Structures are given as C-alpha cells and as structure tokens.
Amino acid sequence: MAKSPQQPVIQSILDDAYHKFENDTSGKNADYIPALAKVDSAYFGLAVVTPHGKIYTKGDVSQPFSIQSISKVFTLALAMEQKGPQTIVDKIGVNATGLAFNSVTAIELNKARSVNPLVNAGAIATVSLLDGKNEKAKWSALSAWYDKFANRKLSVLEDVYKSESDTNGHNRAIAELLTSYDRFYGDVDLNLAIYTRQCSVAVTTKDLAVMASVFANNGVHPLTDKRLMSSDNVSRVLAVMTTAGLYENSGQWAYQVGLPAKSGVGGGIIAVSPGKFAVAVFSPRLDSAGNSIRAQKAIDYIAEKLHANIF
C-alpha cells in the first residue's frame with residue numbers, strides 16, 4: 001500500500017485550500033432542478049479520509065446536500081459485485097462518450113448503443129441490472145449498500161426527489177430509447193424511480209470522503225475494517241472514474257489532476273488516490289459541464305500538494 005501523508009500535513013493543506021478558494025464565486029447552481037437552484041451557493045466543505053481511518057475536515061462538512069451523480073459510482077460498484085465486471089462491459093459499456101452527461105446522441109452515435117455507467121443513460125441502465133424482485137426490494141438493497149459505505153444510515157431528500165421526479169422527462173426518454181435497442185433490463189418506471197431516488201440521497205462532505213475511502217483502501221472500509229468490494233472491482237470502478245467521472249471534461253481532469261474522480265450537479269466531487277487518501281469537496285456553483293468549480297480547484301490544489309497524481 002502506498003504511504004499516506006502525515007496528519008499535520010493533510011490538515012494544513014486542507015486549511016490552505018479552503019482559504020485559497022473560499023472567495024471564488026464563479027459558476028452557478030444547477031437550475032434545471034428547482035430544489036438545487038435554491039441551495040445556498042456559499043457552502044464550501046472539504047474532507048479527506050485515509051486508509052487508516054483518519055478523517056480531516058474544513059468548512060461546511062456537516063451540511064447535507066444531494067449526492068446526485070456521485071451515486072453512480074456506488075451503484076456501479078454494487079452491479080459489479082452482483083453481476084461481475086464483464087456484464088458491465090457487455091450490457092452497459094465502459095468507454096467515455098465525450099458528450100454531456102444527459103446526452104441522447106451518445107446512444108445513437110454508437111452502433112452497439114454502448115455508453116458507460118457514469119453518464120445518465122448508462123447509470124439508469126445499471127440500475128435496471130441490479131437484483132430485486134420489485135421496487136421496494138431493489139431500493140432496500142441499494143440503500144443498504146450506500147449505508148455500508150457511509151458507515152451510517154443515509155436518507156433521501158424528499159424535496160429533491162419530488163423536484164427531480166417532476167422534471168425527469170429527459171431521463172425517461174433515454175430509458176425508453178435504450179429499451180427500444182434492448183439495452184435496458186427492466187421496467188422503465190420502476191428503475192427510473194430508483195435512479196431518481198438514488199440521486200436524491202442526502203450526504204455530507206464528510207460522508208462522501210468516508211464512502212470514497214473504501215476505494216482508496218482497495219475495497220476494505222477504513223472505519224470498520226470490513227471488505228465491501230473485491231480489489232479487482234475497485235480497480236475497474238476507478239478506471240471508469242478516470243475516463244468518465246467528470247463527463248466531457250474527464251480527459252482534461254486526468255491530464256491536470258491525475259486522480260480518479262466523480263462529480264455531481266449537487267456540487268460534490270470525490271477523488272481517490274489509491275493507498276493514500278480519498279477527498280471530497282462540496283461547493284454548489286458549477287461549470288458548463290455540471291462540475292463544481294471550487295471543488296475542482298480545491299482537489300487540484302490538494303492533489304498537487306500531496307503529490308497524489310497517479311500517472
């Protein structure tokens with residue numbers, strides 16, 4: 001295992017990152033989901049968790065917000081554990097689309113109708129692959145899986161769920177299109193409801209760092225010492241995060257920062273330095289690709305100072 005940075009160093013770098021970017025007001029909240037548009041854009045929280053279970057925080061790390069697309073990583077992890085990694089390749093795809101996260105064109109352009117599990121089309125299809133005889137059973141298993149990563153019981157932000165359910169016509173169209181190509185593996189209404197619910201799960205910055213630390217520790221939870229995933233599946237999840245975690249900006253992120261990462265339009269980003277640490281940052285203002293601007297800058301700074309680039 002790679003050596004984790006020392007405690008005083010990590011906390012000092014978190015403090016520096018917070019003060020360096022706390023006055024950055026560039027970007028704006030996601031506005032196509034009304035509940036997200038209302039979130040205070042000034043929130044800024046940073047958290048790091050090491051494979052040894054040490055937790056370092058700065059800023060608004062206890063403020064709940066919706067996990068949004070960061071949930072896709074953990075749903076992918078469960079699907080891999082249940083179905084095996086080759087099923088993901090065969091039934092979803094793992095190549096970057098190079099297009100927006102909610103693109104329909106990505107499906108049409110690929111003759112195999114292959115996308116990846118970290119864009120909306122692939123993520124909704126991944127939900128349809130999960131075990132569960134009905135909506136209640138499938139959601140119960142998925143939410144329990146999230147709880148294991150967070151090491152606590154998580155809940156759904158019902159206002160976000162309602163807001164997204166009322167505005168998810170585009171995702172429904174994606175699911176119907178996938179169904180027409182035999183690339184969707186269950187009832188559209190049922191699986192779209194679960195997907196929308198997973199995106200509405202409430203987390204804090206600290207929660208996300210704890211959840212991502214399982215990937216930094218090769219599938220073993222640093223706080224419980226329990227193995228949640230096989231090491232092979234961890235490697236594959238991190239690979240997809242590297243190529244598609246920040247949507248059409250993923251290549252630039254890999255070039256600049258060099259860490260597997262995943263963003264969400266709620267303002268969170270997680271990044272993983274295998275064997276060293278996981279970092280999560282929350283700041284609601286986004287760039288045009290749907291990635292938090294301050295979170296990107298803060299993680300870039302932290303990764304550089306901790307010499308964490310994996311390439």
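Glycine is no exception: its Cβ is also placed from the backbone N, Cα and C atoms.
Not measured: the values here are computed from a predicted model.
As recorded in Swiss-Prot:
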- Ser69, Asn120, Glu164, Asn171, Tyr195, Tyr247, Val265: substrate binding site (BINDING)
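In this record, substrate is bound by Ser69, Asn120, Glu164, Asn171, Tyr195, Tyr247, Val265; the longest C-alpha to C-alpha distance in that set is 20 Å. Taking Cβ-Cβ distances under 8 Å and a sequence gap of 6 or more within the same chain, the neighbours of Tyr195 (substrate binding site) are Ala123, Ile124, Val127, Asn171. Secondary structure at Glu164 (substrate binding site), taken from DSSP and collapsed to helix, strand or coil, is helix. Under DSSP, Val265 (substrate binding site) is assigned to coil, being neither helix nor strand in the three-state scheme.
Residues near Glu164 (substrate binding site) in space but far in sequence (CB under 8 A, at least 6 apart, same chain), listed by position: Ile33, Ala35, Thr196, Cys199, Ser200.
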